[in-house]
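Undergrad: My questions all concern the structure below.
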Amino acid sequence: MAGELISFGIQNLWNLLSQECELFQGVEDQVTELKRDLNLLSSFLKDADAKKHTSAVVKNCVEEIKEIIYDGEDTIETFVLEQNLGKTSGIKKSIRRLACIIPDRRRYALGIGGLSNRISKVIRDMQSFGVQQAIVDGGYKQPQGDKQREMRPRFSKDDDSDFVGLEANVKKLVGYLVDEANVQVVSITGMGGLGKTTLAKQVFNHEDVKHQFDGLSWVCVSQDFTRMNVWQKILRDLKPKEEEKKIMEMTQDTLQGELIRLLETSKSLIVLDDIWEKEDWELIKPIFPPTKGWKVLLTSRNESVAMRRNTSYINFKPECLTTEDSWTLFQRIALPMKDAAEFKIDEEKEELGKLMIKHCGGLPLAIRVLGGMLAEKYTSHDWRRLSENIGSHLVGGRTNFNDDNNNTCNYVLSLSFEELPSYLKHCFLYLAHFPDDYEINVKNLSYYWAAEGIFQPRHYDGEIIRDVGDVYIEELVRRNMVISERDVKTSRFETCHLHDMMREVCLLKAKEENFLQITSSRTSTGNSLSIVTSRRLVYQYPITLDVEKDINDPKLRSLVVVANTYMFWGGWSWMLLGSSFIRLELLRVLDIHRAKLKGGKLASSIGQLIHLRYLNLKHAEVTHIPYSLGNLKLLIYLNLVILVSGSTLVPNVLKEMQQLRYLALPKDMGRKTKLELSNLVKLETLKNFSTKNCSLEDLRGMVRLRTLTIELRKETSLETLAASIGGLKYLESLTITDLGSEMRTKEAGIVFDFVYLKTLTLKLYMPRLSKEQHFPSHLTTLYLQHCRLEEDPMPILEKLHQLKELELRRKSFSGKEMVCSSGGFPQLQKLSIKGLEEWEDWKVEESSMPVLHTLDIRDCRKLKQLPDEHLPSHLTSISLFFCCLEEDPMPTLERLVHLKELQLLFRSFSGRIMVCAGSGFPQLHKLKLSELDGLEEWIVEDGSMPQLHTLEIRRCPKLKKLPNGFPQLQNLELNELEEWEEWIVEDGSMPLLHTLRIWNCPKLKQLPDGLRFIYSLKNLTVPKRWKKRLSKGGEDYYKVQHIPSVEFY
């Protein structure tokens, strides 16, 4: 395996040496000799790689070759950079002062000659220990295996291919959670690769489970979890999104109290995926109260994690797949059938395939990975070779994994890595940077790969970095080595992660190759992958980092800080100490996002990192960017979205970075900052471009742009904007914010003629959409704000047949009527309408928006009624806020047979009476009525809302009476009902009620007598003024004596 990785490095060095001849004037002889030596060296790699396991000396030779290649890249690249700098006119004095600016040809001749001498020595050493030379004709050749693997066509992955032989298991687990009231904790245990997480996901997403529980939470626990993080994740999942910031600021004690109260008063399912030790469960467990509304589903390799000798704990051990199911799963992946009727498998392949899957032992992960490998191999010869390799691995018994039970699976997973092309090996090893269960941002990952030189020139030359990254991720996904799915709206891989066992392979291979070193603040001694200094260093969850004291390797190529997303929500940051980067001058990648810098100033020595390709300062606390940043001419990624309250000073040096592909500018650079960006013609992403600091003319040449966010000032005309961006025909995402839009009353609009555009956000004055002014037909997401459209936009927008999400935000439409025509919006799934001050009438024709599932209308105060008919029948969630509907909306809404969640909030209905007819709302699960100031009477007829399990009524000051019924109701909260005086609970009403909370209802004198017949009630919260009468010996104690938990506030 090291042979291919080294071959990859030799190829990169060869490419450097094969640049323009004039660059190497004065050292031509040394360069020619080095190329010849590299060619000779490559001929020994295959045999050296095979013998390194049996000879320590050969292994040391292989390590020395890696160092030679790294040093060669550093030497040659530095020479080329200095040559180019020497040719540049007008070089700043500060750059001249750098020791490396004036090329010393004699010094480099000696350096390159030294590389040749080291290669000659290592070849002699290998030959003396029997390493054989292979014949290589001509110049450096890429390994043939890489070429063959790249030429093979790609196949799309069948999303259902993993789900074989699990149906009975899912049914049994759902039964434990839904039907068996005494079961509290269900654990799925077994060896790695058995499909425990896949099984848990199927259960988690099961319709019966969603219907049974009010709240669902999924937490990946992993080995290095903290109790605080797990508790925060659970509470965030169970609470509204608006409360995330508040949750992240809670102390551990407050978190525990909130979770106990919540789990006492609601039915929740918590999935804890990948718990390693019994002690981990004991740490998490204190949030679960003795009441039984909650349930836990956990997965673990350790059967003892949640074992208890009582019936409330169930341990479920899935069986390995049968031979028949194993073959079915294997066929779906390795031999996808285009036409099952005509498909006939090659007999030899069938025999070899069935032989190989025996080695997988019925483990789904091993079968999927084996299938992914063989899907890439067409000939029976390839299949036979792989079958022999698997057999030799098993017979040889060589492994570094600890768990003997998993050896079979680990052999197959390890072999899947060995079968990768060399460039994909690097891509896969790079994933070792990230913690367990980390959702890796594929776009950022693509730029890491590009900055490290992992992209192959034939893939990278002229291509968009994001596109190449997507191709590489797709190849790893297709081989079942990485888990990811394409986003519905963007059609891209947005995030990816590793299966826990595949991550073990990744960490093991990274350790074997000394690929990187990991240091984590969560461990007392760090988690170093190698005692040997690595060229890559990653800090996970740092608190402080001193670049002068903590980093000792001047040859370091990559320094990355990694933290989970939840840390960002909690305002996490860390302190970067040390003022000099001088000792790190060979860095290619520097990611110090969220760093606090002393005095808010980035050290000027950053400019000496002339090899740097990737610099991430996102959300770092920086107020000044030094002029020396202009020295970083090789940068392809620069993120300056700084986290400071005021403006950030950015000198006019970005124009020097002509290799930039990604640039995110600070949101506020002050009026004095003026940037020239016309040289940055390779940009693919440009964010926070403002005409206050930049010229629109500079955009004309950026024809490679895919993502652009732009802010206009009042002195900028829309004609100028249109002329500047009109040629950016490859744009996929565009955001325009016009801060001077109301000054442009006489200007024409913009024609958005971008055929590849998928996401468009417009925050600008645009009163008319002319016939010529159309939107791109491939749009999937559209946000409009401050447009003040005078005419109904729906006739134009509904013709966007790919549109999946539409938001009409504040002041986007100033007219009174909107009409959604029959057949319009065929793919729209989510519609949000907010802040339309003049909108009064909404008509929806039959068959409009046929797949719409979410509707949110807020702050549309003149909208008096919903469409009488033809609201999309597939709606599952509706939220109305401050709409002032005059007519009762229930007769319209109750006909929506798929509706599961309904919120009528803050004056969304101004009438006195609401009536829910019998048989209405057949699937409604949750209903919230809040701040309906005029509501006096709410009538619910028998048979209405038969599935309702959560009802919340708040701040309805005139409501005097509550309806009866609700046969499935489990949670009821009544808050600030000022006129509510009497409550009658009839016999048989609310037979499943579990939690009841009554707050601030001053006229209600006592609890209803019928409450004593609701034996399912477990939690009751009532006013403190009732404490005496409800306590033991009190006059109403008989009403509550059967309730386990009664709280008084």
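Even glycines carry a Cβ here, placed using N, Cα and C.
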Undergrad: Which stretch, out of 25-41, 76-92, 705-721, is listed as coiled coil by Swiss-Prot?
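TA: That would be 25-41, per the coiled coil entry in Swiss-Prot.
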Undergrad: List the helix, strand and coil residue totals of the repeat 'LRR 3' (657-682) as derived from DSSP.
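TA: Secondary-structure breakdown of the repeat 'LRR 3' (657-682): 0 helix, 4 strand, 22 coil.
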Undergrad: What are the other residues, in sequence order, whose C-beta lies within 8 angstroms of the center of the C-beta atoms of G190, M191, G192, G193, L194, G195, K196, T197 at the ATP site?
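TA: For the ATP site, the extra neighbours are T299, R301, P318, L363, P364, L365, M501.
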Undergrad: Please determine which of the binding-site residues listed here (M191, L194) has the lowest count of neighbouring CB atoms within 10 Å.
TA: M191
Undergrad: Could you tell me which three-state DSSP class G193 (ATP binding site) falls into?
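TA: Looking at the DSSP assignment, G193 (ATP binding site) belongs to neither helix nor strand, so coil.
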Undergrad: Six or more residues out from either end of the coiled coil (25-41), which same-chain residues have a Cβ under 8 Å from its Cβ atoms?
TA: 10, 13-14, 17-18, 65, 72, 79, 105, 108-109, 112-113, 115-116, 119-120, 122-123, 133, 136, 139-140
Undergrad: Select the most exposed residue of G190, G193, G195, where exposure means the fewest other Cβ atoms within 10 Å, treating these as the binding-site residues.
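TA: So among G190, G193, G195, the binding-site residues given, the one with the fewest Cβ atoms within 10 Å is G190.
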